[in-house]
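According to TrEMBL, the transmembrane segment annotation covers 42-61, 73-94, 106-123, 135-156, 176-197, 209-226. According to TrEMBL, the feature domain 'Prepilin type IV endopeptidase peptidase' maps to 85-192.
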Amino acid sequence: MTTAFLGCLAATLAALLGGPLRRWLASGGHRRPTDEPRPLPRFGGVQVALGVGAGVPAGVLGESARTAGEHPLHLTVSALLAGTLLALAVTACAVDLDVHRLPNDLTRPMALVAAGGTALLTLPSGDLAGLGRALVAGTGLAAAYLLLSVLTRGGIGLGDVKLALPVGTVLGLLGWAPVLLGTWIAFGLGALAATVLMLRRRATRSTHLAFGPAMTAGAWLVWVLWLPGSA
């Protein structure tokens, strides 16, 4: 099975499985009575995000298995971890873009999956340093976001703080540089999005914008770049 075929297969399956998720979001099932009333979007980008988000890493992991001799169990756990986090993250980002809220029902499972998956990837090989680094990175990044939330008086939401925990954990498994790079990319993407919206007169300097998608995109980009076989 070629890596291109594996990537296309993963992308197709993820996009198809995203159909029910898109329909649920389009029905407003994620909204609360307290959310600001607004027309429901179609959420067409959900299936695209799932397809791209799954297809690219699948191709990279397949290349790693072919050339780097990665253990099949390690690759399987990595794929399951990535797939679960991707589904939760895309859902959370879609909700954030719609109502500017990252639900606890999504960020908490993400934190548990990130911590549990990291343990499964490190403990069998005795990589306690990697496990410790990942947990410290997750906790540290969440603490940094909490400090920013206080300093900006809510400019960084508590949902972003909670999302920083799994983001930092996953990137921390790769090293300290990925954590820093992922954070820089997130703020860069956030600033770019804000600039574009202001230029198009769809936002002002006081408008609250969803930051979860930028955090997720930054983490995904760095994770893919750091995967074995991506070079």
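From the backbone N, Cα and C atoms, a Cβ is placed for every residue, glycine too.
Broken down by DSSP into helix, strand and coil, the domain 'Prepilin type IV endopeptidase peptidase' (85-192) contains 92 helix, 0 strand, 16 coil. Sequence-distant neighbours of the transmembrane segment (42-61) (same chain, 6+ residues past either end, Cβ-Cβ under 8 Å): 3-4, 6-15, 17-19, 21-22, 25-26, 70, 75, 78-79, 82-83, 86-87, 90-91, 93-94, 98, 220, 223-224, 227-230. Same-chain residues lying 6 or more positions outside the transmembrane segment (209-226) and placing a CB less than 8 Å from one of its CB atoms are 53, 56-57, 60, 82, 86, 89-90, 92-93, 96-97, 100, 102, 156-157, 159-160, 163-164, 167, 170-171, 174-175, 178, 181-190, 193-194, 197, 203.
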